[in-house]
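S.K.: Have a look at this one before I ask anything.
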Amino acid sequence: MLCIVPRGHHTISRKDISPNALRVLYRLREAGFGAYLVGGAVRDLLVGGHPKDFDLATDATPEQIKQLFRSCRLIGRRFRLAHVVFGREIIEVATFRANSDDGSGDRELENGRLVCDNVYGTIEDDATRRDFTCNALYYTIEDFSVRDYVGGFEDVQSRLMRLIGDPVRRYQEDPVRMLRAVRLAAKLGFEIEAGTAEPISRMAGLLADVAPARLFEEVLKLFLSGHAVVSFEALEDFGLIDVLFPESAKALRANRSGALRRVLIEGLHSTDKRVIKDEPVSPAFLFALLLWPGFCHALVTLQLQGVQPEEAQRRAADRVTLHHLERVALPRRFSLPMQEIWLLQNRFISRQPKRVLRLLEHPRFRAAFDFLVVRLAASAEHAADVEFWRVAQQ
């Protein structure tokens, strides 16, 4: 049922919306089309956030949009989107979509996942096919109201993350929605609604069917948004860590002292601080943290089998990396530096002048040293090493 939230009952102001997005909205309206600011931008504005992207939805087809904007290019084969380019800013405009009932659009795999979804529809159709209620809100410049077809406005006010439709079916259609629920709840400070949360633990295994390359992108979104610690703890609570990082999950459970978990949480705290300061975080460093428990567990196992330390390190690094790649992709441009970060840790113990100079000149020295600092913050064990190498850099 449509609920119209009038201008005086919400906090969205045009001054907080990209001028280029407003230009596109007004141009579409002038041409006789319905046009709305939609999705994450509306959600973020309602909670006082600052959206990075301003996506629009309309009843105009991609071809009609292209006729209105000279700087427009159409992308996508399965479902075409219009990108209206304003210098370095791109305004994405999507035609309202619907779920097909006649067999011409949606098709399902045996496990219920959608493999095709390419049917145009009405604004009501578009709202009900979105994932979460908070992402199905439409702001119109016609009267500056927010249009809500699924109860999303009330959920935003209550700070609830709620799936649209039956949660079990929605997770079957796309298991990544479980990760999105965790990520968005962490980002927004929302609570995952009980009915949306309940199936996650028992359906976590569906993520094993998701393409590893897609999971890699989702992991980056989870941990490089400034809410890595909260995200990790939620992934633990729902059993999703066991699917994404099985080696590390097993190692964390076996580590009774909690030392490995302290290093991981301290590293994620450091990552959050860098993201908030708009400082770069390498995926290699992030995965070095996330897979560190698994690496340490594999290293100890090999050493107990009598493998020499240096050889054990190399074999542990290779073993953990290969096992990880079965679940989540990790391009070589990140996996090799990740392994170097691990393998350099023991070299910080050596103080021989020639080795000191070689290590200082190593291209991965800075990242490996930062990793050592994280380990120190989690325990005082490496205080002398950190101080020595800090002075050596001066």
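Every residue, even glycine, has its Cβ placed from backbone N, Cα and C.
Okay, these came from TrEMBL:
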- 35-162: domain 'Poly A polymerase head' (DOMAIN)
- Asp53: active site (ACT_SITE)
- Asp55: active site (ACT_SITE)
- Asp131: active site (ACT_SITE)
- 189-251: domain 'tRNA nucleotidyltransferase/poly(A) polymerase RNA and SrmB- binding' (DOMAIN)
- 305-394: domain 'Polymerase A arginine-rich C-terminal' (DOMAIN)
S.K.: Looking at the active-site residues Asp53, Asp55, Asp131, which sits with the largest number of other Cβ atoms within 10 Å of its Cβ?
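M.R.: Highest number of other Cβ atoms within 10 Å: Asp131.
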S.K.: Which of the three DSSP-derived classes (helix, strand, coil) applies to Asp55 (active site)?
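M.R.: In three-state terms, Asp55 (active site) counts as coil.
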S.K.: Treating G and I as helix alongside H, and B as strand alongside E, what does DSSP give for the domain 'tRNA nucleotidyltransferase/poly(A) polymerase RNA and SrmB- binding' (189-251) in helix, strand and coil?
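M.R.: For that range the per-state counts are 47 helix, 2 strand, 14 coil.
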S.K.: Give me the Cα-Cα distance between Asp55 (active site) and Asp131 (active site), rounded to a whole Å.
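M.R.: Between the alpha carbons of Asp55 (active site) and Asp131 (active site) there are 16 Å.
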S.K.: Could you tell me how many residues in the domain 'Poly A polymerase head' (35-162) are helical, how many are strand and how many are coil under DSSP?
M.R.: 30 helix, 42 strand, 56 coil
